[in-house]
Amino acid sequence: MITRDQVLAALARVPGPDGATPLPETGLMSDVAINGDRVYVAIRTEPARAAAMEPLCRAAEQAIAALPGVAGALVTLTAESTPGAGGRPGPGPGRGAGQGPGASRAAAGRNRAAVPGVRHIVAVASGKGGVGKSTTACNLALALSGLGLSVGLLDADIYGPSAPRLFGISEKPEMLENRMLKPPVRWGVKVMSIGFLVDPEAAIIWRGPMVMSALQQLLREVVWGDLDVLVVDMPPGTGDAQLTMAQNVPLAGAVIVSTPQDLALIDARRGVAMFDKVDVPVLGVAENMSTFICPACGTRSDIFGHGGARHEAERIGAPFLGEIPLHMTIRETSDAGRPVVISEPDGPHAAAYRSIAEAVASRLVAGAPARQAPRIVID
Ligand SMILES: Nc1ncnc2c1ncn2[C@@H]1O[C@H](COP(=O)(O)OP(=O)(O)OP(=O)(O)O)[C@@H](O)[C@H]1O
């Protein structure tokens, strides 16, 4: 098994940007992430020096790759913006509720560019955990694919990746010779998950740059090919990690998933506000676990209330995309790795997801152009 100390010892033979100080002593390195036989490291740099730092990254990769037992080494750059570097101002610490130092991190110039071949990137987000965001993202991706679009799903939920389970994928993605990852394809959808690459327990302690580095890799070092839509399953919540992602991924729009309870709706409102703040259009709000139809007697009950998300969407001026009932079939099919859109394509639940997919697709075509992520400068 590869150890962190082995990796650090190998990297100690790589001089830092000054040509002398060993890389681990420069203070520029993230911690070392090891997943089985793969090693990931991020190095911080100023955007202007990104190109000059590339040889250092390659040298670091070669040093790690030479260790016995290492099958793949990825060393990427993350960058912090320098005050007064130009560009349009973005949200920073102190400008909004609940934003900490991570919000002041901006990615290198290359990170903000559109992803070649990918027409629209759509975030599926929720103000809080457990509302069914991942289930919705997965069924939405499959329903979009069912509409004839070429679709990818990127599971960026670092704190609880679920695409491997939802799509029933256990194999790791193949790493090609050019260091690009080949995403597994299920039911026509290309799937990449942070869960394929890292242990979620390790990811929880990652600092902001590490998270962004991993996300940029998943966006840019994966052979997505030509996609009409890449659905990104975001981590739940509206904290630093989410804000940084919303800032640094060239999103065409966001779908907010909420349950109808008051508390969830308050959080959903925060989600809408977060995307507004970084100028990402909210394509709409979807209400999950909307009503419960008793499988035995057919009686309908509104366990969490009903229509709250529709009402809230109207109140905050966001489109309402539709509702998905609370139903055992949705949970069971998800747990079994055969989402309901695939396992019961003619049923009412698949129809609910399809209707949301149609609303999303029409909003993408109608008005949300593929967008470059904003340039963030913190003053
Ligand atoms: N409409 C639904 N009917 C029944 N069960 C559902 C429905 N939507 C989601 N679930 C179930 O609720 C649980 C949480 O769903 P999911 O993992 O999609 O939520 P999440 O918001 O992504 O959670 P997290 O914040 O932990 O990432 C899962 O067991 C899922 O199968």
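Cβ atoms are placed via backbone N, Cα and C, with glycine included.
Copied from TrEMBL, the annotated features are:
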- G127, K128, G129, G130, V131, G132, K133, S134: ATP binding site (BINDING)
- 84-101: compositional bias 'Gly residues' (COMPBIAS)
- 4-75: domain 'MIP18 family-like' (DOMAIN)
- 81-109: region 'Disordered' (REGION)
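Within 8 Å of the Cβ centroid of the ATP site, not counting the listed residues G127, K128, G129, G130, V131, G132, K133, S134, the chain contributes S126, P236, V257, T259, A264. For ligand 1, the neighbouring binding-site residues among K128, G129, V131, K133, S134 are G129, V131, K133, S134, by Cβ distance under 6 Å. In the structure as shown, the Cβ atom of G129 (ATP binding site) sits within 10 Å of 14 other Cβ atoms. Least crowded of the binding-site residues (G127, G130, G132), judged by neighbouring Cβ atoms within 10 Å of its own Cβ: G130. In the three-state DSSP scheme, K128 (ATP binding site) is classed as coil. With a cut-off of 8 Å between CB atoms and residues at least 6 apart in sequence, the same chain places V124, A125, S126, D157, D233, M234, P236, V257 near K133 (ATP binding site), listed in sequence order.
The number of other CB atoms found within 10 A of the CB of S134 (ATP binding site), across every protein chain shown, is 26. Each residue in the domain 'MIP18 family-like' (4-75) has a pLDDT score, and their mean in this model is 85. Note: the domain 'MIP18 family-like' (4-75) comprises 30 helix, 18 strand, 24 coil (DSSP; helix = H, G, I, strand = E, B). Sequence-distant neighbours of V131 (ATP binding site) (same chain, 6+ apart, CB under 8 A from its CB) are P236, V257, S258, T259, A264, N288, M289. In the three-state DSSP assignment, the secondary structure recorded for K133 (ATP binding site) is helix. Within the same chain, the residues at least 6 positions away from K128 (ATP binding site) whose Cβ sits under 8 Å from its Cβ are P236, G237, L263, A264, D267, listed in sequence order.
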